[in-house]
Amino acid sequence: MIIGIGSDLSDIRRIQASLDRFGDRFRHRVFTEIERTRSDRKADAAASYAKRFAAKEACAKALGTGMRRGVFWRDMGVVNMRSGQPTMALTGGALRRLEEITPPGMTAHIHLSLTDDHPYAQAFVIIEALPAAPSAAE
């Protein structure tokens, strides 16, 4: 069952301007250490940051909160599964909200799609609730 959908379009030029103007202050306020490390290694760091910014906005929309109700930028981070597929790792208020919207007996799975075509970066997030796997004790 789908419990949340969000999308966002980010202007890479706007993210570049924020990086130029605010530098580390912007990077550390909005992005996790993993996101900063990954983006800083890219030839086009601004595009990488813009995709991650769009992912956070899309995830906040899928959670139904936006950037309020205890959900902060660094509570959501883009990470990659072993396959390389991107997903979101949630902590703090974002994780609490995910737990609130996940029905009992279900496990939330976050699906993330990222793309960019200068000057835009785009992200789609779908939060799906699937039946929880039975525990070994059952």
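Here the Cβ of each residue, glycine as well, is placed from N, Cα and C on the backbone.
Secondary structure at GLU57 (Mg(2+) binding site), taken from DSSP and collapsed to helix, strand or coil, is helix. For ASP8, GLU57, the entry in Swiss-Prot reads Mg(2+) binding site.
The Cβ of ASP8 (Mg(2+) binding site) has 19 neighbouring Cβ atoms from other residues within 10 Å, across all protein chains displayed. Around GLU57 (Mg(2+) binding site), the C-beta neighbours below 8 angstroms that are at least 6 residues distant in the chain are GLY6, ASP8, SER10, MET67, ALA123. Under the three-state DSSP scheme, ASP8 (Mg(2+) binding site) falls in the strand class.
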